[in-house]
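**Student:** Annotated domain 'Major facilitator superfamily (MFS) profile' per TrEMBL: 18-461, 506-949, in sequence order. Sequence annotations record features per position, and here TrEMBL assigns transmembrane segment to 125-147, 311-333, 368-395, 407-431, 437-457, 502-519, 587-607, 613-634, 646-667, 763-786, 832-850, 856-875 (among others). Residues or ranges marked as coiled coil in TrEMBL: 725-752.
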C-alpha cells in the first residue's frame, strides 16, 4: 500500500469516527440549544394553557417567563448531571460505550418531549430537557476525551475541535429545523423538541463500528492488542512505534493508579494549573454569553431591535456563523495552536461585546444601529466559534493524563453546565434590567478569559501529554528545573484518511455527546412562550387563578437554568462512571438518561405538568454534563497525539452544530409552534438513540483500557481498529509511561486534584480558561438572541433565522479552530481568543451605551456580537474542550473532569440564573463582568500555561511540573513528575 493510500485510509477512518461520535455527541449540545429558541411562544402558551386547564389560573407574563426560563436552563442542570457521571461512565464503560449509552438519556428525553403536549404536561418538557442536558453533559465530556485519545498528535487539536464544530453545526441544524417552515410552527413544536433523537439514533447506528479510544484500551484496560488494533483501524496502516510508545509511557506513569476522583484533582498540585485552566475556560464557555443566544434568541434579538417576524431567520444565521467559525477554527487550530485560538476568540468577543453595547445604546438615535447590533451578535458568535467553542473541549484531553481525564472532564463539564444554567436563568432578567448593557458582563468574562489564556495556559498543539504536563509543571511546581522530553511535532494534513474510523467515532460521540449540549442550549429559546403559557395554563387549571408574572418568570428561568444543575450532576458523575464502567458504557448510560428526559418532555403537556419539563431539563442537563466530559475523555483517549486537539475540538463543533440544529428545528416553520413544543424539547432523545445504537460498534477508549483496566491487548486492538495502524509502539509506550508513572498509586480523587501540588497548574488551567468558559458571556447571546436582534430592529419573524446564523457562525469558527488547534497551539488560540473577546465586549458595552445616538449603532452591536462569537469559536470554545484533555494523566483525568464539569456547569447555572438580574441592574454594563473574566483568562493562558500541542501526556506533565515545583529541587521534580504523592 502506498503512503498516500495509507494517509487516505487514515483520515477517512478517523473522520468517520469523529463524525459518528460527534453527531450524537457535541452536536446534541448545539442542537438542543438551538431548537429551544423557535418554540418559545408556543411552549409558553402551552404552559399557560396547562396551568389554566389544571387550576383555572391565568399565569402572569413573568410567571410564564419563569417556567420558560426553567425549561431552558434545566438543560444546563441536566448537562451538569451528565458531566458528573461522564467521568465514571467513561472509566467503567469506556469512551465509546459511554457515548452509546448516553443516547438512552437522549431518546428518553425525546420521548417525553414528543408526548408532552398530548399529556398536557409541560413538566415532561422539563424532564426531557433534563435528560437531553444529561446527554449533552456526558457527550461534551466523553466526546472530546474520545477524540483526544483516538487522534494522532498532529491532528489532535483539529479532531478535538471537531466537537465544537459539531456543536455549532448542531446549533445551525437546530435553528433550521426550528424554522416555521419546518418544525418551528405551533402544531409541531413537540416534534421539534424530540427531533434531537435523530442524531442519537444515527450515532447508535454508526459508532459501534468504530474502535474504542486507543489510550483507554491500553492505559485503562491494559489491552495492548486492542489498543494497537484500534490505532491500526484509525490510522489505516501499521501502528507507528512512536505513537504506541507514547501511550505506553502514559500507561507506565499511571500504572497501579485508579482513576482520579474529581475532588482529588483539586488537591493534586501536579494537575493544579491544568484543572484551573479547564475550569476557567469551561466556565467562560458559558459565562461569555454565547449560548444564551440560542436559549433566549428571541429576547436578544428583540433587545437588538429585530422585528418579531424576522427573528427566526436571523437565529439561523447565528448558528451558521458559529458553524462557520468552528470549521475555520478546525482548519486553524493545528497551525495556530489552542492558546492562540482561545485567546484570540475571547479578545474578539470582548471587542464585539463592547461594540454591541454601544450599538444598542444608540439604536433609538440611529436607524441602522439595530443592524449593527445584529452584526455584533453574529461576530460575537463567530469569535466564539473560532476560539472557545472549539478549543475548550480539547484541553482536558491534552493536559490531563488517562487517570485524571474523566474527572477533569467531569469538572469541566460541571463548570460549563452550571454556568450555562446560571446564564439561562438570569439572562432574561439581565436583559430586562441591563437592557443594552446586558453584554457588558459577558465582555468582562471574555476579557478575563483571554488574559488567563495569554498569561497562564501553555500551548498544547502537537505535544505529547508528557510535554504538555512538563509545561504545566512550570506553573504547578515553580522553580523546578527539569529538562522537558523531546517533542515530536506532527503536521496535521486534512487529506489523510487513515483515521476515518476515529473521525467516525468522533461523529458518533458528538451526536450523543456535545451535540446534545448545543441543541439543549439553543432549542429552549423558541418554545419559551409556549412553555410559559403551558405553565400558566397548568397553574390556572390547578389553582383556579392565573399565575403571577413574577412566578411564571421564575419558573421559566428555572426551566432554563435547571439544565445547568443537571449538567453539574452529570459532570460530577463523569469522574466515577467513566472510571468504573469505561467511557463507552458511560455514554451508553448517558443516552438512556436523555431518552428518559425526552419522554418526560413529550408527556409533560399531556400530563399537564410543567414539573416534568423541569425534570426533563434536569435530566437533559445531566446527559449533557456527563456526555460532554465523557465525550472529551473518549475522543481524547482514542486520538493520536497529533490529532488529539482536532478530534477533541469536534466536541465544540458538535456543540455548535447542536446549537444550529436546535435553532433550526425551533423555528415556527418546524417545531417552534405551540403544538410542537413538547416534541421540540424532547428532540435530544433522537441523538441519544442514534449514539446508543452506533456507539456499540466502537471500542472503548484505548487509554482507559490500557491504563485503567490494564488491558494491553484490548487497548492495542482498539487503537488498531480506530487508527487502522499496526505500528502502535509509540502510542503504547506513551500509555505505558503514563501508567508506569502512577503505578502503585490509587486513582486520584477530586480532593487530590485540588490539594496536590503536582497538578496545581494543571488544575488552574482546567478551572480558569476551560471550565470557567461559561463566564466569558458567550452563552448569553444564545440565551437571549431574540431580544438582542429585536433591539437592533430585526423583524420578529426573521429573528429565528438570524439566530441560526449566529449558531452557524460559532459552528464555522469552531470548525476552523479544529484545523488550527494543532498548528497554532492551544495556548495562543485560547489566550488571544479570550483577550479579543474581552476587548470586543468592551467595545460592545460602549456601543450599547450610545446606541440611542445613532440608528446604525444597533447594527454595529450585532456585528460585534458575531465578532465575539467568531473569536469564541476560534479560540476559547474549542480549546477549552481540547486543552483539558492534555492536562492530566490517566489517574488524575476523571477527577479533573469532575472539577472542570462542576465549575463549568455551576458557572452556567449561576450565569443562567443571575444574568437576567445582572442585565436589569447593570444594563449594557453587564458585559463588563465577562470582559473581566476574559481578560483574566487570557492573561493566565498567555503567561502561565505551557503549550500542549503535539506533546504526550507525560511531556505535558513535565512542562506543568516546572510550574508546580518551580522552587523545588530536581530530585523533588523527578518524583513529582512521576506523580508520586510522597515528596
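The backbone N, Cα and C atoms fix where each Cβ goes, glycine too.
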**Student:** Top stretch among 125-147, 368-395, 437-457, 587-607, 613-634 for CB pairs under 8 A with the transmembrane segment (832-850)?
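**Tutor:** Between the candidates 125-147, 368-395, 437-457, 587-607, 613-634, the best contact partner of the transmembrane segment (832-850) is 437-457.
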**Student:** Please indicate, using numbers and ranges, the residues of the same chain that are 6 or more beyond the transmembrane segment (646-667) and have a C-beta under 8 Å from a C-beta there.
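**Tutor:** Same-chain contacts beyond the flanks: 14, 18, 21-23, 25-40, 136, 139-140, 143-148, 150-151, 155-184, 189, 192, 195-196, 199, 291, 294, 297, 312-313, 315-316, 318-320, 322-323, 325-327, 329-330, 333-334, 385, 388-398, 492, 502-503, 506-507, 509-511, 513-527, 628, 631-632, 635-636, 638-639, 680, 683, 687, 782, 800-801, 803-804, 806-808, 810-815, 817-819, 821-822, 873, 877-882, 885.
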**Student:** Taking the transmembrane segment (437-457) as reference, which of 125-147, 368-395, 502-519, 613-634 has the most Cβ pairs under 8 angstroms?
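**Tutor:** Comparing 125-147, 368-395, 502-519, 613-634: 368-395 has the most Cβ pairs near the transmembrane segment (437-457).
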**Student:** Of the listed stretches (502-519, 587-607, 613-634), which one yields the highest count of Cβ-Cβ distances below 8 Å with the transmembrane segment (125-147)?
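**Tutor:** Against the transmembrane segment (125-147), the leading stretch is 613-634.
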**Student:** Take the transmembrane segment (587-607) and find every residue of the same chain, 6 or more past its ends, with a Cβ under 8 Å from one of its Cβ atoms.
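**Tutor:** Distant contacts of the transmembrane segment (587-607): 24-25, 28, 46, 50, 78, 81-82, 85-86, 89-90, 93, 95-139, 142, 190, 193-194, 196-197, 200, 204, 509, 512-513, 516, 534, 570, 577, 581, 613, 615-620, 622-623, 626-627, 630-631, 634, 677-679, 681-689, 691-692, 695-696.
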**Student:** What residues elsewhere in the chain lie close to the transmembrane segment (613-634), defined as a C-beta under 8 angstroms and at least 6 residues from its ends?
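**Tutor:** Those are 21, 25-26, 28-29, 32, 47, 67, 70-87, 89-90, 94-96, 98-99, 102, 105-106, 108-109, 112-113, 116, 121-150, 160, 163, 212-213, 216, 393-394, 396-397, 405-406, 408-414, 416-417, 421, 505, 509-510, 512-514, 516-517, 520, 524, 531, 534, 558-560, 562-575, 577-578, 583-584, 586-587, 590-591, 593-594, 596-601, 604, 648, 651, 681-682, 684, 688, 701, 704, 881-882, 884-885, 893-894, 897-898, 900-901, 904-905, in sequence order.
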